[in-house]
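Here's the structure, in C-alpha cells; my notes come after.
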C-alpha cells in the first residue's frame, strides 16, 4: 500500500495503465464469451471452440520470437513501447474487420469452415500472446505500486466481455420437449439476442480504441512523468543556456521494506516455476474444462460459473492492493490449496456427465464454491510472485510475462490432448436427460 497520498496525476496514470492493459486479452476472451451466439450460424457449431483454442496456442510463436531476440540481443532491456503500439493497433484493426466479416465461410476439401473468423482470431492471438510479455515488461518502467494495474486490466479483459454477453442475453436458453419417431426428446432452444454479434464486436473495437488513446496519453503527455521508475530532470544554466539531463531514481513510497523483495537465484527460479504452474491452470486448463466441470450440474450453474469466474480475478486484484506481499511459505500454501481444489475440478471433469452429488442442491453449491476458489487460490500467489520478481532484475517482469505465456501454452496443450486426442472427457449437452 501507499505511504504518501497520491496526486491527481498518479491516479490518472493508474487509470490509464489499467485501460492500456485492458487491450491485452479482451478480444480473444470476447470471442470465447460470444461463442454461444456465434455457433448458432457457423458450420462448426460447438467444435469451433476447439479450433479457436488451437489457433490461440499458435499465437505463442510471437512471444517465442521475442524471447529469441532478447537472448541474442546484447542490449539489457527490450523496448516494449513500439511493440505495444503494434499490439494494440493491429488488435483494433482485427476487431474492426470482425464487425463486417465474422460470418464469412469458405469451403476447404469439401468442408465448410469459418475461415475469416479463424484467420482474424489467429492475428488477435499473436498480438495477445505478445502483450502478456510486452505489457509485463512495460509496467516495470513504473513504480512498484503501479504493478497491480496490470492485474486489474487483466481481470477486466474477462469481466467486460462477460458483462456485454449478459447485456446481449447471450447463452440464455430454455428446454422444449418434442416427439420424434415415437420418442420423447428434449432439446435446447436459445433465446433471441438483444443485439447482433456485429454490434458486440463493435463494442470490443471501441474498447481497444480507448486503450490505444490511453497509451498515447501515457507516452506523449507529462501525466505519468512522476510515476515512472526513473524521471528526467532538466537543469537550465542561465549563463551558457546549456541543458543538462540526468536520470534520477523515483523514490519508492511503498511501506514494504525493500529487503522483503530480495531473492536468491534459487528462490527466483522456484517462483518463476510457480508462475508457470499457476498460469497453466488458470489460463490453459480451467477455460478448456469448464463445460465438463459445470454443465453436468445444470445450465444455471454453468452460466453462473462462467460469469462469476472473471470477477474472481478482480477479487485477486483487491487482495493484492490490501496485501501486496506475503512470505514465500504462504505462497506455497496457497498454491497447494489451489492444486487440491483444481484436482477436484479435474476429477469432476473425468466423471462428466455423472459427477458426484449431481442433481442435488449441495452438489451445485459445492462445485460452484470449488470452481471459484481455484481462481482465487492460484491467482493471488501469481500476483504476489510478480511483486517479487520485478525487483529481482530489470528484466524481471519480461520473464514473468514469458512464464505466464509458457504456462498457458502447456495447460492448453494438456487440455487439448485430454479432450480432442484421447477423448477422455464427455460433455453434458444442455437439456440432455441423464440417469446417473
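The backbone N, Cα and C atoms fix where each Cβ goes, and this holds for glycine too.
According to TrEMBL, the feature transmembrane segment maps to residues 48-69, out of the candidate ranges 48-69, 224-245.
If you look at the transmembrane segment (114-136), the same-chain residues 6 or more away from its ends with a CB under 8 A from one of its CBs are 20-21, 23-25, 27-28, 31, 38, 42-44, 48, 51-52, 55-63, 66-67, 80, 83-84, 86-87, 90-91, 94-95, 97-98, 101-106, 108, 150, 153, 386, 397-398, 400-402, 404-405, 408. Put simply, of 81-102, 148-167, 301-319, 397-419, the stretch with the most CB pairs closer than 8 A to the transmembrane segment (199-218) is 81-102. Counting Cβ pairs closer than 8 Å and at least 6 residues apart in sequence, the transmembrane segment (48-69) and the transmembrane segment (301-319) reach fewer than three and form no contact. With Cβ pairs under 8 Å as the measure, the transmembrane segment (268-295) is packed most heavily against 365-385, out of 12-28, 81-102, 301-319, 331-350, 365-385. Nonlocal intrachain contacts for the transmembrane segment (12-28), taken as residues 6+ away from its ends with a CB within less than 8 angstroms of a stretch CB, comprise 6, 56, 84, 87-88, 91, 94-95, 121, 124-125, 128, 131-132, 135, 138-139, 142, 146, 149-150, 152-154, 156-158, 160-161, 204, 207-208, 210-212, 214-215, 217-218, 223-224, 227.
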